[in-house]
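First up is the structure itself, then whatever we jot down about it.
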Amino acid sequence: MIDFDNRTDYEFDINKLNDIYNLLTDKDIELILTDDEEIKELNSQFRNKDKATDVLSFPLEAMPGMPLGSIVISIDTAKKGAEEFGHSVDDEIRLLFLHGLLHLLGYDHETDNGEMRAKEEEIIKKLNLPSSLIVRNED
C-alpha cells in the first residue's frame, strides 16, 4: 500500500503509481509530495546538500511488518523536469517514484555497475514511460 501525503495544491491520482508499485514490491511505502522549500530542507539535513532536488528516498530498517521507507518528491522540480523533457507532470512523478522506489529496494546508481539503470529501463519499457532519470542525468 502507498500511504500518500500530498502537501501541495497539485492534484495527483495515486492510482497512477500502482503499476510501478505492484511490479516491484508488496511492502508499504510512504509517499510525500511537497515543494522545493521542504525538499531543500530535507536534502540539507540528511545529505548536506543545500539545494532543492527532485526526489529523496529514506529506507527503513528491514524489520518484519515495517514499511519499506519513504519517498519525497518535489512538485516544483517535477514540473520543471516535465517541461524540460516534454512530458506530463504525472509522468514525471511516476518516473521519480520509480527512481525513489528502486533506491528503497537497495539499488544505487552512484555505486553499482549499472544494475539500477538496467532495472529502471526495464520498468520504463514495460510501462511505456518517458526516459529514465539516470539516462537523462548522464547526458
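Cβ coordinates are placed from backbone N, Cα and C, and glycine is handled just like the others.
Record features (Swiss-Prot):
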- His99, His103, His109: Zn(2+) binding site (BINDING)
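Over all protein chains present, the Cβ of His103 (Zn(2+) binding site) has 19 other Cβ atoms lying within 10 Å. Taking the Cβ of His109 (Zn(2+) binding site) as centre and 10 Å as the limit, one finds 20 other Cβ atoms among all the protein chains shown.
Every protein chain considered, the tally of other Cβ atoms within 10 Å of the Cβ of His99 (Zn(2+) binding site) stands at 21.
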